[in-house]
Amino acid sequence: MKYRTVWKDTLREIWRTKTRFLSIFAIIMLGVAFFAGLSATGPVMVHTADEYFDDQRLSDLHVFSTMGLEDEDIDLLETLEDTRVQITYSMDVVFEKSGQSSKIMGLPDDYEEVNQPFVVEGRLPETVNEIALDNTNSYVGDYKIGDTVQIEEGTPDEYEENFSETTFEVVGFVNHPRYIERMERGNTQVGTGSLDGFALVLEEVFDMEVHTDAYLLFENAREYEVYSEDYNQYIDERTEEVEALLADRPSERYEALVEEIEEEISDGYYEIEEARQELENAEQELEDARIEIEEGLEDYEEGLAELEQEEVDARSEIEDQRAQLQSALAEVESNRQQLEAAQIEDPQTSIELNAQEEQIQQGLAELAQAENELDTEIQKASAELEDARVELEEAQEEYEEGLAEFEEEQESAEEEIAEAEADLAEAEEELADLEEPEYFIQDRTSFQGYEEFDENAERITAIAQIFPVFFFLLAALISLTTMTRMVDEGRNQIGTLKALGYGNFPIAMKYFVYAFIATVVGGIIGLLLGYWIFPTVVMDAYSSMYNLPSADTQFYWSYAVISITGALIATGLSTLVSVRLSLRSNAAALLKPKAPKKGKRIFLEYMPFIWNRFTFTQKVASRNLFRYKRRMLMTLFGVAGGTALLLTGYGLSDSIGDIGEIQFGEINLYQAIVSENTDASEIQLEEYIETLESLEGLEGHLHVSQDNAYAERDGESHDINLFVPSEPGRMEEFVDLRDLDDESVTFDLPEEGAIITDKLADLLNADVGDIITVKTNDSDVFDIEVEEIVEHYVQHYVYLSPSAYEELMGEEAEYDTRLLRYDTEAVDDDQLGQQLTAEDAVQGVAFAAAIEDAFQDSMDSLDVVTIVLIVSAASLAFVVLYNLTNINVSERIRELSTIKVLGFFDKEVTMYVYRENLVLTVLGILTGFGLGFIMHRFVLQTAEIDIMRFARQISLTSYLYSFLLMFFFSSLVMLVMHFKLKRVDMVEALKTQD
């Protein structure tokens with residue numbers, strides 16, 4: 001029966017004091033919403049990313065090598081258990097007209113199993129002349145579906161060798177899970193040095209001997225939440241497994257490649273020898289032909305001469321014989337004439353003479369026949385000689401043609417042989433310089449934006465661990481004040497209940513139930529609002545940076561239990577403290593009005609030169625301030641707490657917003673970073689330097705060595721950049737090594753020892769004179785003394801002079817990076833990037849402006865978080881001011897009614913209270929500035945991640961905004977109170993409580 005009465009009375013009290021109940025409800029709702037919502041934001045971000053990665057089947061590892069992946073590599077990877085292996089191609093190109101750099105990736109048949117693209121508009125390519133572009137602003141603004149994209153003419157010949165198609169039709173815009181960041185796509189060795197986006201084509205478009213990429217997805221990894229320690233540990237274990245699997249492949253491929261090259265070189269030399277032998281054989285054949293022709297010519301001339309001589313001899317002999325026969329014939333004729341003259345008729349003599357004449361005539365006939373035969377023989381021999389001459393002329397003509405052809409082909413053959421010898425010499429040089437292929441096994445941290453998103457989630461989680469604490473402190477303060485006032489107002493009722501025989505527990509139950517209902521209802525609504533609003537707002541803010549879906553809000557029981565329990569403890573303790581003193585009093589004492597506080601002189605009254613100058617209202621306000629010390633302190637602390645939260649929120653925005661400008665504008669003074677090709681020849685390096693020197697607007701360049709390493713001290717280990725300039729005297733032109741506390745103090749690199757950045761010094765707990773240990777990636781270890789500590793905000797650096805490096809490492813530093821300083825108005829980054837990446841000695845170019853923009857985009861996204869903090873702090877500050885002012889007015893309602901009866905106007909009554917609030921507000925704001933400064937430093941130290949330092953500064957505008965906002969809230973509350981005071985029933989308020 002008693003408890004039923006208490007419940008009824010409690011419900012009536014809630015209805016009667018709606019404003020008070022709502023104030024507790026509001027403060028609890030804000031506190032719980034802020035704590036639970038902000039605490040859940042980081043996990044919701046991670047959960048949303050995890051769901052997206054799982055839905056899109058984001059690969060866990062990316063495997064590639066400097067020589068591509070052979071079938072043997074793929075076969076080994078496919079032996080991994082519980083692993084899906086996606087093999088594909090990729091290549092960086094430049095698009096014609098736009099000049100944009102793009103990573104063209106093959107779309108494998110199993111794209112739904114690993115790294116599934118998310119189609120934003122259009123569709124994926126279905127034929128070899130279709131392409132889907134990255135849904136980034138760089139492409140969406142320049143292309144639309146149906147447009148034609150062509151690989152730029154004049155790009156390396158390997159483009160045509162590696163692509164079957166170079167002109168494509170745009171059929172869609174997509175997001176790729178490995179590129180969750182919207183803007184950055186990484187660096188490249190083509191175009192400007194920075195990728196503008198990616199593109200997807202069918203695998204058939206690529207015409208390559210080996211694949212370029214292998215993506216591994218571990219099915220068991222889906223059991224772990226992304227970014228968690230369990231996931232990272234699992235991936236580390238699987239990475240080691242893949243490394244062990246491929247451990248022998250570099251040496252195997254190296255040996256096979258050496259054997260192949262040596263065989264090709266041997267075959268090349270053999271082919272050269274054969275070619276030379278063929279030339280020699282051809283030359284010998286020509287020489288033999290020439291000799292044969294010369295011999296034939298000699299034979300011809302000898303034959304001709306012999307023929308002519310034989311003809312002369314034969315004709316001479318014939319003529320001699322003819323002459324003899326003619327002489328004999330003449331002698332016979334002479335003898336006949338003598339006989340006839342002598343008229344001697346001797347038959348025998350006549351017969352002899354006739355026989356002699358006949359014999360002579362026969363001899364002449366034989367001579368004529370011999371002469372005819374001679375002519376025939378001579379003609380025949382002449383014909384044969386003529387034929388031989390013709391043959392010799394034809395042979396000579398053929399020889400001359402063959403000689404001309406040989407000389408022509410010999411020149412070409414000699415050139416080919418010389419080229420072949422040069423190629424063989426180059427091949428031998430390449431063989432001598434040939435190194436084992438390097439295999440890279442990268443986890444998701446190499447994917448653009450992956451690690452950065454986790455860092456942003458960690459920052460919010462870190463902030464969530466600090467800010468809500470102050471909210472709960474203010475909530476406890478307001479609860480204590482509110483419940484104290486409620487108990488004071490219920491003294492008479494408590495006395496009545498005690499007089500009626502109610503025990504302390506039933507009486508206290510009313511107040512505990514009152515606070516419990518306000519806390520639980522406010523907490524539940526706060527949970528619902530916080531779990532929905534905070535993650536949604538923050539994820540929507542990050543949507544401008546990341547290709548991720550809207551927040552997949554979750555209900556986290558842990559944060560719900562912690563926040564509700566914390567709120568119940570705060571209000572419960574406040575209620576216990578408030579009701580305990582009243583319950584100790586007896587019923588008679590409680591039924592009497594509480595005696596007013598005894599008036600005392602305040603310390604200002606002891607200073608008449610000040611006190612006497614006060615007006616009546618100023619004196620009353622001063623006395624009231626010090627008369628109600630608890631109320632004064634509550635208001636002071638409430639305003640100070642609200643101001644501190646506001647200033648911390650604004651200061652956090654200042655600290656985050658200034659990092660990029662300070663780091664990349666004041667500390668890093670260079671405009672570009674050029675990564676050089678260590679395998680470049682002297683001629684290529686000279687051409688590269690000439691290109692730099694001819695650059696209009698160039699103010700200077702510095703050769704430096706930058707290596708990744710680790711710094712350790714007392715068990716702490718952190719990644720660092722080991723930075724060594726080739727000319728330490730010029731360091732100040734490119735990097736400002738300035739003191740953290742005094743920007744005007746700068747340091748020179750010492751001959752011994754190192755200069756380290758301040759965040760690294762904090763993490764290692766190192767000071768000037770301490771020793772730190774540095775471990776390089778080559779397993780070199782050395783200890784070095786810290787000479788100076790300098791201001792730095794992004795990543796950790798250890799600066800060494802060349803002499804210090806050489807003394808520690810025993811060798812000179814390898815300078816493979818060049819910092820450039822130039823007039824940004826005279827030099828266009830894109831044009832410079834194209835100019836430098838065209839140099840064989842340049843491996844890549846990164847621009848400070850692009851790095852700063854990307855970094856600032858990341859930091860700007862936190863502005864939304866700071867806005868949420870500021871709005872939440874402002875809401876809390878308003879509730880605090882309203883509640884405290886309302887309690888102040890409620891406690892002094894009889895006093896205010898009295899002065900109204902005495903003739904004070906409504907405005908004067910309001911000012912009667914407002915003067916006190918104004919003084920307390922100003923004092924609270926000033927106190928809050930000091931408290932906010934401390935809170936700001938504390939939040940920064942807690943919210944910072946290891947590789948970043950926030951600026952320790954709060955701008956004057958932040959102080960001004962905090963002051964004006966609190967002053968505005970104070971004025972707004974008093975405006976509300978003004979209308980409440982106008983409606984005060986003076987007669988009812990002045991009734992006696994006896």
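Positions of Cβ are set from backbone N, Cα and C atoms, glycine also.
Any TrEMBL annotation is an automated prediction that lacks curation.
These figures come from a predicted structure and were not determined experimentally.
Annotation comment: TrEMBL describes 21-40 (among others) as transmembrane segment.
According to TrEMBL, the coiled coil annotation covers 258-437.
According to TrEMBL, the transmembrane segment annotation covers 462-483 (among others). When Cβ-Cβ distances below 8 Å are used as the criterion, the transmembrane segment (462-483) is approached by residues 20, 23-24, 27-28, 30-31, 34-35, 38-39, 41-42, 511, 515, 563, 566-567, 570-571, 573-575, 577-579, 631, 634, 637-638, 641-642, 644-645, 648, 652, 865, 869, 872, 876, 879-880, 883-884, 887, 935, 938-939, 942-945 of the same chain, each at least six residues removed from its ends.
Counting residues per DSSP class in helix, strand and coil order gives 99 helix, 1 strand, 20 coil for the domain 'ABC3 transporter permease C-terminal' (466-585). If you look up TrEMBL, you'll see 466-585 (among others) marked as domain 'ABC3 transporter permease C-terminal'.
Residues 6-7, 10, 13-14, 21, 24-38, 40-41, 479, 483, 486-487, 490, 553-556, 560, 563-564, 567-568, 571-572, 574-575, 578-579, 868 of the same chain lie 6 or more positions beyond the ends of the transmembrane segment (511-534) yet place their CB under 8 Å from a CB of it. Look at TrEMBL and you will find 511-534 (among others) tagged as transmembrane segment.
Positions annotated as transmembrane segment by TrEMBL: 554-577 (among others).
TrEMBL lists 632-652 (among others) with the feature transmembrane segment.
Taken from TrEMBL, the feature transmembrane segment applies to 864-884 (among others).
The DSSP breakdown of the domain 'ABC3 transporter permease C-terminal' (868-983) into helical (H, G, I), extended (E, B) and coil residues amounts to 98 helix, 1 strand, 17 coil. Per TrEMBL, domain 'ABC3 transporter permease C-terminal' is recorded for 868-983 (among others).
Here TrEMBL flags 918-939 (among others) as transmembrane segment. Same-chain neighbours of the transmembrane segment (918-939): 463, 466-467, 470, 621, 625, 632, 635-648, 651-652, 655, 881, 952, 954, 959, 962-963, 966-967, 970, counting only residues six or more beyond its ends whose CB sits under 8 Å from a CB of the stretch.
Here TrEMBL flags 959-977 (among others) as transmembrane segment.
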Where else in the chain does the transmembrane segment (864-884) make close Cβ contacts, counting only residues six or more beyond its ends and a cut-off under 8 Å? 23, 26-27, 30-31, 33-34, 38, 459-460, 463, 467, 471, 474, 477-478, 481-482, 534, 537-538, 540-542, 631, 634-635, 638-639, 641-643, 645-646, 648-650, 652-653, 656, 921, 965-966, 969-970, 972-973, 976
Non-local residues, at least 6 beyond the ends, that sit with Cβ under 8 Å of the transmembrane segment (554-577): 24, 28, 31-32, 35-36, 39-40, 43-44, 47, 468, 472, 475-476, 479-480, 482-484, 508, 511-512, 514-516, 518-520, 522-524, 526-527, 531
